[in-house]
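Trainee: The following block contains the structure, expressed as structure tokens.
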There are 2 protein chains.
Amino acid sequence: MPVANNELNTPPAVVLLSGGLDSATTLAIARDQGFACHAIAFDYGQRHRAELDASLRQAKALGALSHRVVHVDMNQFGGSALTDFSIEVPEAHSQAGIPSTYVPARNTVMLSLALALAETLNSRDIFLGINAVDYSGYPDCRPEYIAAFEHMANLATKAGVEGTRFRIHAPLIDMSKADIIRTGTGLGVDYSLTVSCYQASPDGKACGHCDSCALRAEGFAAAGIADPTHYVKG
Amino acid sequence: MPVANNELNTPPAVVLLSGGLDSATTLAIARDQGFACHAIAFDYGQRHRAELDASLRQAKALGALSHRVVHVDMNQFGGSALTDFSIEVPEAHSQAGIPSTYVPARNTVMLSLALALAETLNSRDIFLGINAVDYSGYPDCRPEYIAAFEHMANLATKAGVEGTRFRIHAPLIDMSKADIIRTGTGLGVDYSLTVSCYQASPDGKACGHCDSCALRAEGFAAAGIADPTHYVKG
């Protein structure tokens, strides 16, 4: 849906906007860098559907030109705690290595669809809020993955063949959660609108116990900024 | 849906099965190479939905272990004659360069979803029926694109990180349409079950006029094999 259309002299960018803290900050950074932003969110059968509502609220609050939800029924694949309801969501810090919340090829699927949208919109810039510090267990949150995707994208597309290169921007990749929160706060992000919890309630309240809740709470504490998160209890 | 499950000692592979001639041949080749095949088809809002019915018929006829249709609503993006109903499908041989039937990042989106399925099924082999000879205008039908996708896939996934590499197989990539038809015929493919037309009728009959119909008819003629295609007229 169109959200606003008053920016005509800025280059278009596609921003992956999940509804969480990181992608809201990424949208604010893209805006600050002078891009006219088109937000894209994914409904891939995740538990935390409250994020999709949060995504639209943020797109409006942060001045995106448009917001789309793309449905991709990856839940028929199984294999992750985020889409397979038979696998329990782990408590914070309960695992080493690649977490069970890892969704096979999720960032690749989302970036591919963002690439399709970007080519259609004549945009060459895609922003996503991945982070190699907090999510070191996810293979598709590493700089070498982003570089490989960018290389592939420029061979895959009409734009790449015609010489105008796509750029995949991951501005948070080396930032701590506290850095992200400080940066976003400086750019006017209202974090009370974001939902990070892996098992948020239908109205977007956070459980306070999962990995994602723990990282977020620690981030606000480290940044010295009051945590505006709405928790189920408290 | 499960189609058969009597092959337990063969490695699993994911095969992109569109319902057309090329991907049916690719499935037959993967079977012949000893893989237990899981077919995946995509409903991305294409005009030729008859292909999806054809895809399921071929999966059964060629002994796939399972068949899935993944819905991806790329039609909200526009930008291609195959998904945007306001753009006319071109007649055969009417264009140079990248055809208007090019769907932005289509192969990348489909391969990404196949990668997600493969990782979930503990498969490391993905087959797709792209062809660099007949579809030279499509950037995502070139060998260098496939190599770049494979490299990216092995950085994107748990499997890649853990050292078991994914392989993207494109066995038709250097074959002429006649070679493909001869190979598939030798492997028992029933081409009357396949639909190649860009604007097939709801019951799967071909227009006989579009690029895809022309390439297919020329292929049967060059192979010296009777064309079993069901055309709307004749």
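Don't overthink the numbers, they just go from 1 along the chain as shown.
Here the Cβ of each residue, glycine as well, is placed from N, Cα and C on the backbone.
All annotation found in TrEMBL is predicted automatically rather than curated by experts.
The annotation ATP binding site is assigned in TrEMBL to B:LEU17, B:SER18, B:GLY19, B:GLY20, B:LEU21, B:ASP22, B:SER23, B:ALA24, B:THR25, B:THR26, B:LEU27. The feature Zn(2+) binding site is assigned by TrEMBL to B:CYS197, B:CYS207, B:CYS210, B:CYS213.
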Trainee: Measuring C-alpha to C-alpha, could you say which of the binding-site residues B:CYS207, B:CYS210, B:CYS213 are within 10 Å of B:GLY19 (ATP binding site)?
Mentor: none
Trainee: Among the binding-site residues B:LEU21, B:LEU27, B:CYS197, B:CYS207, B:CYS213, which residue has its Cβ surrounded by the fewest other Cβ atoms within 10 Å?
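Mentor: Among the binding-site residues B:LEU21, B:LEU27, B:CYS197, B:CYS207, B:CYS213, the sparsest Cβ neighbourhood within 10 Å belongs to B:CYS207.
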Trainee: Under DSSP, is B:LEU17 (ATP binding site) part of a helix or a strand, or is it coil?
Mentor: coil
Trainee: For the C-alpha pair, I'd like the distance in angstrom between B:CYS197 (Zn(2+) binding site) and B:LEU21 (ATP binding site), rounded off.
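Mentor: Distance between the two Cα atoms comes out at 10 Å.
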Trainee: Given a separation of at least six residues and a C-beta threshold under 8 Å, show me what packs close to B:LEU17 (ATP binding site) in the same chain.
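Mentor: Those within reach of B:LEU17 (ATP binding site), by Cβ under 8 Å and sequence separation of 6 or more, are B:SER23, B:ALA24, B:THR26, B:LEU27, B:ALA39, B:ILE40, B:ALA41, B:SER55, B:GLN58, B:ALA59, B:ALA64, B:HIS67.
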Trainee: Under a criterion of Cβ-Cβ distance under 8 Å and sequence separation of at least 6, what residues of the same chain contact B:THR25 (ATP binding site)?
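Mentor: Sequence-distant Cβ neighbours: B:GLY129, B:LEU172, B:ILE180, B:ILE181, B:THR183, B:GLY184, B:LEU187, B:VAL189.
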Trainee: Under DSSP, is B:CYS197 (Zn(2+) binding site) helix, strand or coil?
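Mentor: Looking at the DSSP assignment, B:CYS197 (Zn(2+) binding site) belongs to neither helix nor strand, so coil.
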Trainee: Same chain, not part of B:LEU17, B:SER18, B:GLY19, B:GLY20, B:LEU21, B:ASP22, B:SER23, B:ALA24, B:THR25, B:THR26, B:LEU27: whose C-beta falls within 8 angstroms of the C-beta centre of the ATP site? Give them in sequence order.
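Mentor: So the additional residues around the site are B:LEU16, B:SER55, B:GLN58, B:GLY129, B:THR194.
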Trainee: What three-state class does DSSP give B:CYS207 (Zn(2+) binding site)?
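Mentor: The three-state answer is coil.
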Trainee: Please work out the number of neighbouring Cβ atoms within 10 Å of the Cβ of B:CYS210 (Zn(2+) binding site), leaving out its own Cβ.
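Mentor: I get 23 for this one.
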